[in-house]
Amino acid sequence: MKKTQTWIITCIYLQLLLFNPLVHTQGICRNRVTDDVKDVTKLVANLPKDYMITLKYVPGMDVLPSHCWISEMVEQLSVSLTDLLDKFSNISEGLSNYSIIDKLVKIVDDLVECMEEHSFENVKKSSKSPEPRQFTPEKFFGIFNKSIDAFKDLEIVASTMSECVISSTSSPEKDSRVSVTKPFMLPPVAASSLRNDSSSSNRKASNSIEDSSLQWAAVALPAFFSLVIGFAFGALYWKKKQPNLTRTVENRQINEEDNEISMLQEK
(Lines of atoms letter the chains of each structure in order from A and count residues from 1; the text may use other names and numbers.)
(Lines give C-alpha, C1' and ligand atoms only; values in the text may rest on other atoms or scores of the structure.)
Protein backbone atom coordinates (compact mmCIF):
# COMPACT_ATOMS: atom_id res chain seq x y z
CA MET A 1 0.00 0.00 0.00
CA LYS A 2 2.83 2.37 0.87
CA LYS A 3 4.53 1.65 -2.47
CA THR A 4 1.31 2.50 -4.31
CA GLN A 5 0.97 5.81 -2.46
CA THR A 6 4.63 6.60 -3.18
CA TRP A 7 4.08 5.97 -6.89
CA ILE A 8 0.99 8.20 -6.98
CA ILE A 9 2.90 11.04 -5.28
CA THR A 10 5.76 10.56 -7.76
CA CYS A 11 3.30 10.88 -10.68
CA ILE A 12 1.90 14.11 -9.25
CA TYR A 13 5.34 15.67 -8.89
CA LEU A 14 6.20 14.52 -12.41
CA GLN A 15 3.19 16.38 -13.80
CA LEU A 16 4.20 19.52 -11.92
CA LEU A 17 7.72 19.33 -13.32
CA LEU A 18 6.40 18.87 -16.85
CA PHE A 19 3.77 21.57 -16.57
CA ASN A 20 5.79 24.36 -14.89
CA PRO A 21 8.32 24.90 -17.74
CA LEU A 22 5.39 25.32 -20.14
CA VAL A 23 3.76 27.91 -17.93
CA HIS A 24 6.94 29.91 -17.45
CA THR A 25 7.47 30.39 -21.17
CA GLN A 26 5.03 33.27 -20.94
CA GLY A 27 6.29 36.62 -19.74
CA ILE A 28 10.05 36.05 -19.93
CA CYS A 29 10.82 39.25 -17.98
CA ARG A 30 7.63 39.45 -15.95
CA ASN A 31 9.36 38.77 -12.63
CA ARG A 32 11.52 41.88 -13.11
CA VAL A 33 8.48 44.17 -12.74
CA THR A 34 7.70 45.05 -9.10
CA ASP A 35 4.73 46.77 -7.47
CA ASP A 36 6.69 50.05 -7.50
CA VAL A 37 5.24 50.75 -10.95
CA LYS A 38 1.96 51.59 -9.20
CA ASP A 39 3.61 54.77 -7.88
CA VAL A 40 3.57 56.21 -11.41
CA THR A 41 0.10 57.64 -10.73
CA LYS A 42 1.41 59.51 -7.69
CA LEU A 43 4.44 60.78 -9.60
CA VAL A 44 2.37 62.12 -12.50
CA ALA A 45 0.11 63.93 -10.05
CA ASN A 46 3.14 65.55 -8.38
CA LEU A 47 4.69 66.86 -11.61
CA PRO A 48 3.39 69.98 -13.40
CA LYS A 49 1.45 69.02 -16.48
CA ASP A 50 3.43 71.45 -18.65
CA TYR A 51 6.73 69.87 -17.61
CA MET A 52 8.40 68.37 -20.71
CA ILE A 53 10.42 65.14 -20.62
CA THR A 54 12.75 64.21 -23.49
CA LEU A 55 12.46 60.69 -24.89
CA LYS A 56 13.77 59.07 -28.05
CA TYR A 57 10.56 57.52 -29.32
CA VAL A 58 10.86 54.25 -31.27
CA PRO A 59 8.91 54.48 -34.57
CA GLY A 60 6.13 51.96 -35.02
CA MET A 61 5.39 51.44 -31.35
CA ASP A 62 1.67 51.92 -32.00
CA VAL A 63 1.41 49.59 -35.01
CA LEU A 64 4.06 46.87 -34.65
CA PRO A 65 4.16 43.83 -32.31
CA SER A 66 5.84 44.42 -28.96
CA HIS A 67 8.91 42.29 -29.76
CA CYS A 68 9.75 44.76 -32.56
CA TRP A 69 10.22 47.79 -30.30
CA ILE A 70 10.32 46.75 -26.64
CA SER A 71 14.08 46.14 -26.41
CA GLU A 72 15.05 49.54 -27.84
CA MET A 73 12.18 51.37 -26.15
CA VAL A 74 13.13 50.20 -22.68
CA GLU A 75 16.71 51.39 -23.24
CA GLN A 76 15.47 54.86 -24.19
CA LEU A 77 13.17 54.92 -21.15
CA SER A 78 16.15 54.10 -18.95
CA VAL A 79 18.09 57.06 -20.37
CA SER A 80 15.17 59.49 -19.96
CA LEU A 81 14.32 58.34 -16.41
CA THR A 82 17.97 58.64 -15.38
CA ASP A 83 18.09 62.20 -16.72
CA LEU A 84 14.85 62.98 -14.90
CA LEU A 85 16.27 61.54 -11.68
CA ASP A 86 19.31 63.82 -11.92
CA LYS A 87 17.02 66.86 -11.97
CA PHE A 88 15.57 66.03 -8.55
CA SER A 89 17.78 66.59 -5.56
CA ASN A 90 17.77 63.96 -2.84
CA ILE A 91 16.37 66.29 -0.17
CA SER A 92 13.32 66.17 2.05
CA GLU A 93 10.93 68.22 -0.10
CA GLY A 94 11.84 66.32 -3.26
CA LEU A 95 12.35 62.94 -1.65
CA SER A 96 8.98 61.55 -2.71
CA ASN A 97 9.52 62.16 -6.44
CA TYR A 98 13.19 61.20 -6.22
CA SER A 99 12.42 57.91 -4.49
CA ILE A 100 9.71 56.96 -6.99
CA ILE A 101 11.86 57.76 -10.04
CA ASP A 102 14.82 55.92 -8.52
CA LYS A 103 12.71 52.77 -8.14
CA LEU A 104 11.44 53.09 -11.71
CA VAL A 105 15.01 53.42 -12.98
CA LYS A 106 15.95 50.19 -11.21
CA ILE A 107 12.98 48.37 -12.74
CA VAL A 108 13.81 49.58 -16.26
CA ASP A 109 17.50 48.74 -15.84
CA ASP A 110 16.52 45.21 -14.79
CA LEU A 111 14.34 44.92 -17.88
CA VAL A 112 17.21 46.09 -20.09
CA GLU A 113 19.39 43.38 -18.54
CA CYS A 114 16.65 40.79 -19.09
CA MET A 115 16.30 41.73 -22.75
CA GLU A 116 20.04 41.35 -23.22
CA GLU A 117 19.73 37.79 -21.89
CA HIS A 118 16.75 37.01 -24.18
CA SER A 119 17.58 38.43 -27.58
CA PHE A 120 15.08 38.00 -30.42
CA GLU A 121 16.35 36.15 -33.47
CA ASN A 122 15.09 36.26 -37.06
CA VAL A 123 13.65 39.73 -36.59
CA LYS A 124 14.18 42.24 -39.38
CA LYS A 125 14.34 45.62 -37.66
CA SER A 126 13.24 48.88 -39.16
CA SER A 127 15.92 51.19 -40.51
CA LYS A 128 14.35 54.18 -38.75
CA SER A 129 16.16 55.43 -35.66
CA PRO A 130 14.45 56.58 -32.44
CA GLU A 131 13.25 60.16 -32.71
CA PRO A 132 13.90 62.64 -29.86
CA ARG A 133 10.59 64.13 -28.74
CA GLN A 134 9.21 66.16 -25.86
CA PHE A 135 6.43 64.58 -23.79
CA THR A 136 4.33 65.77 -20.90
CA PRO A 137 4.46 63.56 -17.77
CA GLU A 138 1.10 62.01 -18.69
CA LYS A 139 2.24 61.09 -22.22
CA PHE A 140 5.70 59.97 -21.13
CA PHE A 141 4.48 57.66 -18.39
CA GLY A 142 1.72 56.44 -20.69
CA ILE A 143 4.53 55.11 -22.92
CA PHE A 144 6.25 53.75 -19.81
CA ASN A 145 3.11 51.88 -18.72
CA LYS A 146 2.56 50.48 -22.21
CA SER A 147 6.12 49.15 -22.24
CA ILE A 148 5.67 47.58 -18.80
CA ASP A 149 2.41 45.95 -19.90
CA ALA A 150 4.17 44.52 -22.95
CA PHE A 151 6.58 42.62 -20.70
CA LYS A 152 3.72 40.78 -19.00
CA ASP A 153 3.00 38.74 -22.14
CA LEU A 154 6.35 38.97 -23.90
CA GLU A 155 7.68 35.69 -25.28
CA ILE A 156 10.47 34.51 -27.52
CA VAL A 157 8.05 33.81 -30.38
CA ALA A 158 10.17 34.89 -33.34
CA SER A 159 10.90 31.35 -34.54
CA THR A 160 10.17 32.42 -38.11
CA MET A 161 11.16 35.56 -39.94
CA SER A 162 9.26 38.48 -38.47
CA GLU A 163 9.61 41.77 -40.29
CA CYS A 164 9.38 44.74 -37.97
CA VAL A 165 9.04 47.27 -40.76
CA ILE A 166 6.41 49.99 -40.90
CA SER A 167 4.32 49.81 -44.05
CA SER A 168 4.66 52.79 -46.36
CA THR A 169 0.87 52.85 -46.73
CA SER A 170 0.22 53.09 -43.00
CA SER A 171 -0.97 56.39 -41.64
CA PRO A 172 1.67 58.61 -40.03
CA GLU A 173 2.02 58.40 -36.28
CA LYS A 174 0.30 60.98 -34.24
CA ASP A 175 2.67 63.61 -32.90
CA SER A 176 2.80 63.06 -29.15
CA ARG A 177 4.20 66.50 -28.38
CA VAL A 178 1.86 68.66 -26.34
CA SER A 179 1.65 72.43 -26.35
CA VAL A 180 2.94 74.16 -23.22
CA THR A 181 0.32 76.89 -23.30
CA LYS A 182 -2.33 77.17 -20.60
CA PRO A 183 -0.75 74.82 -18.07
CA PHE A 184 -2.82 73.39 -15.26
CA MET A 185 -2.20 70.87 -12.50
CA LEU A 186 -3.10 67.25 -13.11
CA PRO A 187 -5.51 65.82 -10.52
CA PRO A 188 -4.65 62.35 -9.18
CA VAL A 189 -7.77 60.85 -10.74
CA ALA A 190 -6.68 61.85 -14.24
CA ALA A 191 -3.45 59.91 -13.86
CA SER A 192 -5.41 56.66 -13.93
CA SER A 193 -5.99 57.22 -17.65
CA LEU A 194 -2.29 56.64 -18.35
CA ARG A 195 -2.91 53.02 -19.22
CA ASN A 196 -5.87 53.80 -21.47
CA ASP A 197 -4.85 55.21 -24.81
CA SER A 198 -7.93 54.30 -26.84
CA SER A 199 -6.35 54.03 -30.26
CA SER A 200 -3.35 51.94 -29.22
CA SER A 201 -5.22 49.77 -26.73
CA ASN A 202 -7.81 48.73 -29.33
CA ARG A 203 -5.13 47.63 -31.73
CA LYS A 204 -3.28 45.89 -28.94
CA ALA A 205 -6.43 44.12 -27.77
CA SER A 206 -7.21 42.68 -31.23
CA ASN A 207 -3.67 41.37 -31.61
CA SER A 208 -3.39 40.07 -28.05
CA ILE A 209 -6.62 38.03 -28.33
CA GLU A 210 -5.25 36.06 -31.27
CA ASP A 211 -1.80 35.68 -29.70
CA SER A 212 -3.14 34.63 -26.30
CA SER A 213 -5.37 31.92 -27.82
CA LEU A 214 -2.38 30.42 -29.61
CA GLN A 215 -0.21 30.72 -26.52
CA TRP A 216 -2.75 28.97 -24.29
CA ALA A 217 -3.20 26.22 -26.89
CA ALA A 218 0.56 25.68 -26.99
CA VAL A 219 0.64 25.48 -23.19
CA ALA A 220 -2.53 23.49 -22.55
CA LEU A 221 -2.15 20.69 -25.11
CA PRO A 222 1.30 19.42 -24.04
CA ALA A 223 0.30 19.74 -20.39
CA PHE A 224 -2.91 17.77 -21.00
CA PHE A 225 -1.10 14.96 -22.80
CA SER A 226 1.57 14.80 -20.09
CA LEU A 227 -1.15 14.47 -17.44
CA VAL A 228 -2.87 11.68 -19.41
CA ILE A 229 0.41 9.81 -19.86
CA GLY A 230 1.31 10.19 -16.19
CA PHE A 231 -2.03 8.91 -14.95
CA ALA A 232 -1.90 6.05 -17.49
CA PHE A 233 1.42 4.93 -16.04
CA GLY A 234 -0.05 5.19 -12.55
CA ALA A 235 -3.07 3.08 -13.54
CA LEU A 236 -0.87 0.41 -15.13
CA TYR A 237 1.31 0.26 -12.05
CA TRP A 238 -1.74 -0.03 -9.79
CA LYS A 239 -3.22 -2.77 -11.98
CA LYS A 240 0.07 -4.66 -11.91
CA LYS A 241 0.32 -4.46 -8.12
CA GLN A 242 -3.36 -5.28 -7.46
CA PRO A 243 -2.99 -9.13 -7.81
CA ASN A 244 0.00 -9.06 -5.48
CA LEU A 245 -2.01 -7.14 -2.90
CA THR A 246 -4.89 -9.63 -3.23
CA ARG A 247 -2.56 -12.58 -2.76
CA THR A 248 -0.96 -10.90 0.23
CA VAL A 249 -4.36 -10.46 1.89
CA GLU A 250 -5.33 -14.06 1.14
CA ASN A 251 -2.04 -15.38 2.53
CA ARG A 252 -2.51 -13.29 5.65
CA GLN A 253 -6.01 -14.74 6.18
CA ILE A 254 -4.72 -18.29 5.65
CA ASN A 255 -1.94 -17.72 8.17
CA GLU A 256 -4.41 -16.38 10.71
CA GLU A 257 -6.67 -19.43 10.22
CA ASP A 258 -3.69 -21.78 10.58
CA ASN A 259 -2.67 -20.04 13.78
CA GLU A 260 -6.18 -20.38 15.18
CA ILE A 261 -6.28 -24.10 14.29
CA SER A 262 -2.89 -24.72 15.88
CA MET A 263 -3.96 -22.90 19.04
CA LEU A 264 -7.13 -25.03 19.25
CA GLN A 265 -5.12 -28.21 18.77
CA GLU A 266 -2.72 -27.23 21.54
CA LYS A 267 -5.65 -26.77 23.91
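Note that Cβ sites are derived from N, Cα and C of the backbone, with glycine treated the same way.
Because the structure is a prediction, the values reported are computed rather than measured.
Just one residue in N90, N244 has N-linked glycosylation site written against it in Swiss-Prot, and it is N90.
Around N97 (N-linked glycosylation site), the same-chain residues at least 6 positions away in sequence with a Cβ under 8 Å from its Cβ are L43, N46, L47, F88. Reported as a whole number, the C-alpha separation between C114 (disulfide bond) and C68 (disulfide bond) equals 16 Å.
DSSP classifies N97 (N-linked glycosylation site) as helix under the three-state reduction. In this structure, C114 is the one among the disulfide-bonded residues C68, C114 with the smallest number of other Cβ atoms inside 10 Å of its Cβ. In this model, the topological domain 'Extracellular' (26-215) carries an average pLDDT of 70.
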